[in-house]
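A short write-up of the structure that comes next.
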Amino acid sequence: MDNLLPQSRFSYFKKYPIHAIRKYLSMLRNQKEEEQVARFQKIPNAENETMIPVLTSKKASELPVSEVASILQADLQNGLNKCEVSHRRAFHGWNEFDISEDEPLWKKYISQFKNPLIMLLLASAVISVLMHQFDDAVSITVAILIVVTVAFVQEYRSEKSLEELSKLMPPECHCVREGKLEHTLARDLVPGDTVCLSVGDRVPADLRLFEAVDLSVDESSLTGETTPCSKVTAPQPAATNGDLASRSNIAFMGTLVRCGKAKGIVIGTGENSEFGEVFKMMQAEEAPKTPLQKSMDLLGKQLSFYSFGIIGIIMLVGWLLGKDILEMFTISVSLAVAAIPEGLPIVVTVTLALGVMRMVKKRAIVKKLPIVETLGCCNVICSDKTGTLTKNEMTVTHIFTSDGLRAEVTGVGYNPFGEVIVDGDVVHGFYNPSVSRIVEAGCVCNDAVIRNNTLMGKPTEGALIALAMKMGLDGLQQDYIRKAEYPFSSEQKWMAVKCVHRTQQDRPEICFMKGAYEQVIKYCTTYHSKGQTLTLTQQQRDLYQQEKAQMGSAGLRVLALASGPELGQLTFLGLVGIIDPPRTGVKEAVTTLIASGVSIKMITGDSQETAVAIASRLGLYSKTSQSVSGEEIDAMDVQQLSQIVPKVAVFYRASPRHKMKIIKSLQKNGSVVAMTGDGVNDAVALKAADIGVAMGQTGTDVCKEAADMILVDDDFQTIMSAIEEGKGIYNNIKNFVRFQLSTSIAALTLISLATLMNFPNPLNAMQILWINIIMDGPPAQSLGVEPVDKDVIRKPPRNWKDSILTKNLILKILVSSIIIVCGTLFVFWRELRDNVITPRDTTMTFTCFVFFDMFNALSSRSQTKSVFEIGLCSNKMFCYAVLGSIMGQLLVIYFPPLQKVFQTESLSILDLLFLLGLTSSVCIVAEIIKKVERSREKIQKPVSSTSSSFLEV
């Protein structure tokens with residue numbers, strides 16, 4: 001019978017078609033699900049019942065775990081069932097960031113044409129086509145397409161910051177559901193889920209912890225705190241959990257478990273987490289327009305205004321003189337189109353692109369072209385402390401032994417490079433027992449490991465291992481066998497281990513302890529002094545307390561160390577001072593920047609003592625400086641903060657929201673703000689600042705994507721080079737504007753005067769086209785690659801409100817234009833004495849204007865320095881461009897086929913020498929003006945040095 005049973009079952013199913021079997025199985029599955037629903041009455045009906053709320057981390061930290069579980073209707077041990085999870089997900093959504101679909105790429109491309117200068121050029125191109133000036137139309141269109149495409153590519157590349165946030169969410173996690181531990185996707189989590197954490201895990205959502213064993217979480221990417229936070233499960237009083245760093249019973253999404261294990265209940269997912277707050281701020285924040293973009297917009301509007309003004313004036317005068325109105329309109333529009341510098345956008349783009357290439361050589365990646373120039377008018381740098389001004393590598397710098405010896409420790413980071421120096425002598429191994437006992441205790445009572453200069457474990461423990469490596473004692477960790485361990489907790493604030501030496505296992509066990517001085521000293525009854533063990537007196541306790549206070553006031557994190565046979569009978573060994581040290585070269589860069597008129601402010605999540613100590617070491621903080629906390633910022637309105645923010649050097653306990661508020665206040669005061677940072681907590685501020693600067697090595701992906709510039713080797717000094725580059729680029733753009741506008745105005749005036757005064761036209765159409773090519777061609781373009789003046793870093797940042805067309809620049813443009821017009825008209829009048837226009841007349845006039853152009857370009861290479869001071873051949877591209885233009889002009893004059901096209905004839909050597917002498921006047925006058933200006937500056941310098949400028953923020 002048993003043998004027949006399987007066959008009979010198979011025979012039973014054989015009677016029915018396959019679709020009937022499927023229907024039967026589906027019915028059983030539905031019945032099972034209905035039973036589950038009946039069993040779990042907590043499942044709310046989507047239409048009739050209230051959905052599970054989302055708790056804020058602040059509220060959840062104040063409540064007992066049982067109350068949190070009750071509010072979230074969760075079972076801490078068994079977790080949620082799958083039906084409940086599905087229903088909650090339908091309401092709360094996936095545990096991910098919803099990056100909304102942006103407008104199509106073609107719309108983004110079209111939006112680039114909204115620039116006033118681009119719109120003006122478009123109008124010029126259309127008019128050129130209507131007037132059959134196809135050469136102009138093609139050149140203008142090509143210029144527009146190049147500029148618009150470059151701007152589009154830069155903008156597209158910069159819009160990745162929101163997508164990068166999702167990378168900090170772990171793809172998978174361990175979650176308890178229906179009483180079973182599951183390996184599930186982090187995006188599947190919902191409020192009320194139970195999550196298990198262990199070493200190396202990245203927290204998948206905001207969790208209210210209900211179990212924690214020696215749990216330590218690295219929150220530096222979110223809060224800026226260097227030291228991993230020890231976590232507990234007890235409720236937190238409302239008065240003590242104001243900032244994220246103080247919520248010790250919450251594990252935040254995106255942070256990293258450094259030590260221990262824990263369980264927590266999900267209180268916030270996706271955008272409802274603290275990480276989500278950063279995401280929403282980034283989504284709402286728009287990158288501000290750069291000063292150069294504002295200047296270009298203003299210049300475009302000014303040129304539009306002047307162009308329409310010219311059209312109106314010429315038409316009015318022509319009408320008053322009785323000329324044909326349509327003919328006058330045609331002439332005036334042609335002149336206005338010719339006067340518009342279509343080469344300006346290309347020169348700006350090329351100049352910025354070359355600046356970006358030079359910055360790459362200096363180990364800085366600039367993601368947005370205009371940002372290079374913006375650095376030139378930056379007058380405030382807000383810098384994150386951790387990882388930017390400091391290395392984010394905890395390092396022991398001071399040792400104080402129980403018998404009063406003080407040792408200094410050199411070297412930085414988790415490596416053996418450095419020395420321990422006592423009274424000028426280098427200490428190594430067991431040469432100094434007082435020091436070596438401290439190092440031994442710190443090395444043995446330690447769970448950290450350093451491999452290939454990379455730390456695995458807590459930063460403070462890594463600092464102690466690095467200290468042992470410097471003394472050649474790091475092998476002590478393997479010399480002892482650990483028998484018992486008393487893990488660190490935030491309540492007891494110490495860690496201890498009970499060990500025996502591998503070679504002396506028959507001897508009594510020895511305890512090693514490290515931790516907060518106030519706690520360790522309670523377990524000590526004796527202290528070491530010059531090889532002897534003496535009873536610990538109150539006088540000695542006071543001495544150690546005083547030394548600990550001094551180290552703390554210097555911004556050091558102080559650890560006490562002890563050893564002995566039992567926890568209650570320990571011998572006090574001494575103190576070590578640990579700090580996250582400043583980066584090499586930062587102090588020098590800070591000094592140079594401050595001297596050049598740039599104010600630097602430190603913004604950090606660290607404590608006031610640590611922040612002020614580091615700022616003092618870097619020269620950012622003095623006795624007269626102020627420091628403000630994040631809580632104080634919250635208590636101020638925008639007006640109050642705007643008044644106080646220029647006077648503050650250090651902002652401590654600052655969250656991403658505080659950083660945003662600080663930057664907005666500075667910008668409201670008219671400052672151009674650069675923000676440096678490396679963590680997720682910096683991303684929003686980096687995007688809001690005029691210039692966001694991220695660290696390349698230590699920076700998170702989110703931070704790098706939100707930034708405008710990335711320092712490849714994390715060198716703060718590179719910012720100084722970038723500012724120098726920015727100032728130089730702006731000078732080059734001004735040089736180009738001066739040259740092109742002076743030449744354009746001269747050509748415009750020359751033809752306008754001839755038209756309005758019924759003179760014969762001094763230049764024919766082909767000659768005007770050739771001049772237009774030179775105006776926008778190689779000589780003009782080469783001004784954009786003029787080497788950066790090394791003196792520029794000493795100049796104060798320019799006011800971003802200033803137009804490119806300053807009064808001084810307009811004066812120089814007009815002077816050059818007047819000289820060119822007068823000189824060219826003089827030649828034309830001189831050749832026209834016979835009252836008959838011949839090819840020689842136009843050739844002399846044409847060549848005169850071209851030579852004026854070359855000398856005008858030469859004088860435009862610098863607004864302040866003499867041509868001989870900067871070097872005639874320092875800009876090789878300029879030399880080649882001018883030489884090429886002159887060769888082209890000579891071909892036009894002497895090459896027969898071109899003579900027919902341009903209606904020219906050969907000139908004598910004396911003619912050329914006469915023209916060279918006359919046209920050099922524009923350069924000579926410009927050099928005289930520079931000399932007068934420099935002399936005036938020297939006289940005014942003592943007066944101006946005593947007055948404050950707009951830069952002092």
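Every residue, even glycine, has its Cβ placed from backbone N, Cα and C.
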State whether, in Swiss-Prot, L907 is on the same side of the membrane as S866.
no
So for D678 (Mg(2+) binding site), how many other CB atoms are inside 10 Å of its CB?
29
For the topological domain 'Cytoplasmic' (785-804), jot down how many residues DSSP puts in helix, in strand and in coil.
6 helix, 0 strand, 14 coil
Let me spell it out: for each of the recorded positions (D384, D682), count the other Cβ atoms within 10 Å of that residue's Cβ, using every protein chain shown. Which one has the most?
D682
Taking only the Cα atoms, work out how far D678 (Mg(2+) binding site) lies from D384 (active site, 4-aspartylphosphate intermediate), in Å, as a whole number.
8
Could you give the residue numbers and ranges of same-chain residues that sit at least 6 residues beyond the topological domain 'Lumenal' (825-842) on either side and whose C-beta is under 8 angstroms from one of its C-beta atoms?
750, 753, 760, 762-764, 767, 848, 899, 903-905, 907, 915, 918
Reduced DSSP assignment, D384 (active site, 4-aspartylphosphate intermediate):
strand
Distal contacts, the topological domain 'Cytoplasmic' (863-875) - CB-CB under 8 A, six or more residues away:
731, 734-735, 738, 782, 785-787, 789, 809, 812, 923, 927, 930-931, 933-934
Distance, D682 (Mg(2+) binding site) to D384 (active site, 4-aspartylphosphate intermediate) (CA atoms, angstrom):
8
If you run the three-state DSSP split on D678 (Mg(2+) binding site), which class comes out?
coil
